[in-house]
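Note sheet for the following structure.
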Amino acid sequence: MDLDSHCTAERELLEAVSRITTFSTASPSDEEQNQPKAEISCQVRKENPEKDDLQDSNASLSPNSSMTTKELQEYWRNEKRQCRQVKLLFEIPSTRIVEHHLSKYVMYKIIILQTGSFDSNKSVIERRYSDFEKLHRNLLEEFSEEMEDVTFPKKTLTGNFTEEVINERKLAFKDYLRLLYSMKYIRRSKKFIDFLTRPELQEAYGCLRGGQYTKALEILLEVIGLQERLTRGNPVSIVPTLCAIVVCHKDLENPASAFEYGEKALSCLCVHTSHRYYTPLLETMITLAYELGKDFLSLQEKLEEWKAKKDPVRVFTLKELAVREYVQ
């Protein structure tokens, strides 16, 4: 094939793929139509780019005439991946009644799973009516306009523990969470994310401070998957949890696992070297790399480079930072 024919073929492929991509984003599938608009709209994502979206797009290639057919195909595959958002479903399959000496309340079991494929890493949490009520008040303060038409199950003076009322609230809370998640600014808000993760994180850090590393690690590993889905596009926010996992693995003498999660944390901080966890994490990773026989010189260079740019100040160790999280 001569040069002109080859260029013509590439142009035709580019035009065809562009038409397909435009059609697919303009004509959502039946499954997507059943999802809240804020979850599925790739076009909205492009019309309202945020910093995380810009970072993702900068990491991919841009289509131009110098790209080969193979590179062009790979480019569009990457573009489609960027348009896919993590979509979560909320199910409340069961409840349990908790009785203490002076109180009695219902705990609602919430299962959070990712749509689109079999989710083996579903998250399971429990919340009571007062937790939902507190979330609603907090969101009303910050998102009064968005929450204007969001209804909340009213508290009743009697009958709160009847099967009928409990089942009605199960359905109401399921719809409530689904509606909140459909609104972009709410699902990305700290208050919504804290509702879904903070109680478990507080328990995990309490165990860590008490030297119960196995129990702390068990909880942290359950929470980190949910955190990653909820904070997609803001990886820095999960660094404290990743570093707490590093600390637990290290104290449990699992250096390989500690190093693995340390690498994940470092990748989140690659452009955030002023973060309070950056230097302590580097120091810990150097120790782990030396112990595992891995290359630690590149880590040492990063540490020395950072120290050369900053004035010497007292820096906490990774463990000292971790035990200070969620201290009330």
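Each Cβ is built from the backbone N, Cα and C atoms, and glycine gets one as well.
TrEMBL: automatically predicted annotations, no manual curation.
What you are looking at is a predicted structure, and each value in this text was computed from that prediction instead of being measured.
Now, the feature entries from TrEMBL:
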type	residues	note
COMPBIAS	44-54	compositional bias 'Basic and acidic residues'
COMPBIAS	56-68	compositional bias 'Polar residues'
DOMAIN	86-203	domain 'PX'
REGION	23-68	region 'Disordered'
### Task
Please spell out the DSSP helix, strand and coil residue counts for the domain 'PX' (86-203).
52 helix, 29 strand, 37 coil
### Task
Calculate the per-residue pLDDT averaged over the domain 'PX' (86-203) and state the result as an integer.
91
